[in-house]
Amino acid sequence: KDIDECATGTHNCRADQVCVNLRGSFSCQCPPGYQKRGEQCVDIDECTLPPYCHHRCVNTPGSYYCQCNAGFQLASNNHTCVDINECDANNPCAQQCYNILGSFICQCNPGFELSSDRINCEDTDECRTSSYICQYQCVNEPGKFSCVCPEGYQVVGGRTCQDINECETTNECREDEICWNYHGGFRCYPRNPCQEPYVLTSENRCVCPVSNAICRELPYSVVYKYMSIRSDRTVPSDIFQIQATTIYPNTINTFRIKSGNENGEFYLRQTSAVSAMLVLVKSLSGPREHIVDLEMLTVNSLNYRTSSVLRLTIIVGPYAF
């Protein structure tokens with residue numbers, strides 16, 4: 001009967017060896033993962049032998065294991081590395097996450113930009129990017145911006161300011177007044193602007209009756225007109241034309257600025273025998289009001305003189321729009 005030297009302990013195998021019983025004898029072998037070198041068992045470096053690991057191999061005493069690069073994980077076969085979808089596993093991005101092989105990238109919604117950590121999103125201050133993004137004032141908001149306009153204006157097209165015609169929307173003038181809209185506001189003017197001894201003959205036209213002795217030293221008529229211009233208008237600029245309403249034969253008409261031009265902002269250029277053009281020669285900043293009297297002096301061949309005045313009220317808006 002065979003004696004099992006491995007069971008009885010009568011073998012002479014080393015402590016790092018494994019005893020294998022044979023019929024009539026025994027054998028000293030190395031454990032798995034080791035190989036015999038002389039009488040010693042030395043570790044086998046499996047990382048130098050197939051099957052190789054997909055990414056990295058780590059040798060251990062008697063064995064080995066595989067490791068994966070960052071962004072990957074071991075498959076069930078413990079050799080292959082598969083990509084980790086960080087966006088599904090634990091979305092690290094503040095807003096939008098896009099998985100790529102071995103990693104991920106974050107993106108932000110419109111109106112935001114990636115912060116220095118490339119994960120979080122910061123609001124983009126569009127108002128800082130350009131001083132021309134809004135015609136008047138830009139207001140930054142989370143993820144967007146909006147344009148606002150000053151009082152008397154409304155936002156058109158998201159960025160431009162347009163004058164509100166208060167005479168059409170909220171006319172607050174009395175019955176005996178007319179509403180005149182200008183850039184940025186409105187004014188109420190009397191329907192009958194005539195002052196003694198003038199009498200109203202038609203809309204905005206006052207006549208001094210020849211029957212009244214006082215009228216002989218005064219202009220025959222005064223016509224009231226109103227206009228609006230934007231602030232800081234480019235100069236020189238033609239702004240208003242004055243023209244004779246009645247043309248008499250054998251007469252000569254001359255035009256002049258009678259009053260309201262003490263600082264030399266205007267110039268009156270005669271354009272024909274019966275008309276003249278008021279020219280703005282100095283830029284005006286609003287809000288302000290100018291009242292300019294434009295006079296037409298008419299002289300006939302018998303040296304008869306008469307004059308008429310156009311009283312022009314110029315309202316300069318507060319802004320250049």
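Positions of Cβ are set from backbone N, Cα and C atoms, glycine also.
Worth saying up front: this structure is predicted, and the values here are computed from it rather than measured.
Remote same-chain partners of the domain 'EGF-like' (2-42), defined as residues 6 or more beyond its termini with a Cβ less than 8 Å from a stretch Cβ, comprise 61-63. Here TrEMBL flags 2-42 (among others) as domain 'EGF-like'.
Residues or ranges marked as domain 'EGF-like' by TrEMBL: 43-82 (among others). Proximity of distant same-chain residues to the domain 'EGF-like' (43-82), defined by a Cβ-Cβ separation under 8 Å and at least 6 residues beyond the stretch ends, is recorded for 31-35, 101-104.
Residues or ranges marked as disulfide bond in TrEMBL: Cys47-Cys57 (among others). A sphere of 10 angstroms centred on the C-beta of Cys57 (disulfide bond) encloses 18 other C-beta atoms.
Same-chain residues lying 6 or more positions outside the domain 'EGF-like' (83-122) and placing a CB less than 8 Å from one of its CB atoms are 69-73, 142-145. According to TrEMBL, the feature domain 'EGF-like' maps to 83-122 (among others).
TrEMBL lists Cys87-Cys97 (among others) with the feature disulfide bond. Listed in sequence order, the residues of the same chain lying 6 or more apart from Cys87 (disulfide bond) and placing their CB within less than 8 Å of its CB are Cys93, Cys97, Tyr98, Asn99, Phe104.
Per-residue confidence over the domain 'EGF-like' (123-162) averages out at a pLDDT of 93. Summarising the annotation, TrEMBL assigns domain 'EGF-like' to 123-162 (among others).
Of all Cβ atoms in the shown protein chains, 18 besides its own fall within 10 Å of the Cβ of Cys97 (disulfide bond). Every protein chain considered, the tally of other Cβ atoms within 10 Å of the Cβ of Cys47 (disulfide bond) stands at 15.
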